[in-house]
Amino acid sequence: MYQRFFDIKYVIIFFFIYYGILSSFGYGNDGDTYLMLKAGQNYLINSDYQPSRFQGSLIPELIISATSLIGGHYLSNLISVILGVGTLYIFHLLLSKMFKKKETTLIILIVGFNPYFVIASSTSIDYIYSLFFIFLGSLLLFKNFRIIAAISFALALSSRLSNAMLVGLVYLYFILPTVKTDKNKFFILFLSGLFSLILTLALYIPAYTSAGNTLSFLSYAIGDWSASQYVARFIYKNIALFGMITSIFIYLSFFYYITTQKIHTDHSKLFYFAVCAFIIEEALFLKIPLEISYLLPAVFLLLPLYIHVTKSSFFGYILLFLSIFYNFINIDFLKMEYTMENPKATDMKEATGAKIGLFIKQGAVYNDIKTRKASQDEYFNTNHLPIMKVN
């Protein structure tokens, strides 16, 4: 029984069932889901493409909308479930190059139970599409399938352009060691990156056209916040990514090991890649501190770094317990105050202040599934879904 706990097959089967059950509750709470449904359905039914947001996310828009027209949220969310467990499995293959079997599976369990990854893997949203294709592209580069990897990275960037720097860093990881040692491999990798860039640009032609053949589609919406508000959002949302207790545990123990122990690594290149990628992700989020799910790539970077630095399976088990706990119960130090007491899903819920204390709230996953049906009804009504054919 103990061995089965660390068997990746059983872990993947478990998460497929867990995400699958959660996927039955509705499309999701994120308003962007319904904008993607509207954009994709309108494109498929009326051949009129208007991006869901500024640059849109063409591939998820089309897949989510096509599957929704066939099988509603059940089929649309099933694709997210498959991509979610696929991401975990590919991540497991990549981690196995650096960690032992037990450590690798433990990291997969902690990541798989992160509430925001759970939500992304059980709702119709674009985060999981980009993550899946980034990890698939990385695995393909490791296996020297460079052309297919280029296609995968292009699909990742057509899903979320905000991950462009991460994809670029992956290519640098493979290209830099070949600059002086293997000119032929360097040239092939360079062509792979160039091919991926060309494909990405091609996939954004519809967004470019809809913007009147201008680059205005590269804009993004951001609040009119002061510098202190930017920093406050950045800190709070980083804490909310794992939950208050888990975040305190991670960063305090991380700090202790870094300052008191000499860090040895047999995989220095991978280690420093993860550190650089994590810093880049955090810097990007500091510039655009919007949705907590923007930080999902950081989950895949921070947790392996944590296990690698602490070299403690015991700490890993604590993190696993806290991650599962956070799915259903959230112990927080802030209680947000809004402009209205009971805002609807479609209302602008800009916080006007916060109370500091110790608050026991519903966990992120529990709160998400509890409100999905109401959100779906409101957003369907607001966005006039499903889209009807225009004669």
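Along the chain as shown, residues are numbered 1 onward.
Heads up, the Cβ atoms here are built off N, Cα and C, so glycines get one too.
Where the annotation comes from TrEMBL, it is an automatic prediction and has not been curated.
Here is what TrEMBL says about this protein:
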{"type": "TRANSMEM", "residues": "7-27", "note": "transmembrane segment"}
{"type": "TRANSMEM", "residues": "74-95", "note": "transmembrane segment"}
{"type": "TRANSMEM", "residues": "116-141", "note": "transmembrane segment"}
{"type": "TRANSMEM", "residues": "147-174", "note": "transmembrane segment"}
{"type": "TRANSMEM", "residues": "186-205", "note": "transmembrane segment"}
{"type": "TRANSMEM", "residues": "239-258", "note": "transmembrane segment"}
{"type": "TRANSMEM", "residues": "270-286", "note": "transmembrane segment"}
{"type": "TRANSMEM", "residues": "315-334", "note": "transmembrane segment"}
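With Cβ pairs under 8 Å as the measure, the transmembrane segment (74-95) is packed most heavily against 116-141, out of 7-27, 116-141, 147-174, 239-258.
Sequence-distant contacts of the transmembrane segment (239-258) (same chain, six or more residues past either end, CB-CB distance under 8 Å): 114-116, 292, 295, 298-299, 302, 306, 309-310, 315, 318-319, 322-323, 325-326, 330-333, 364.
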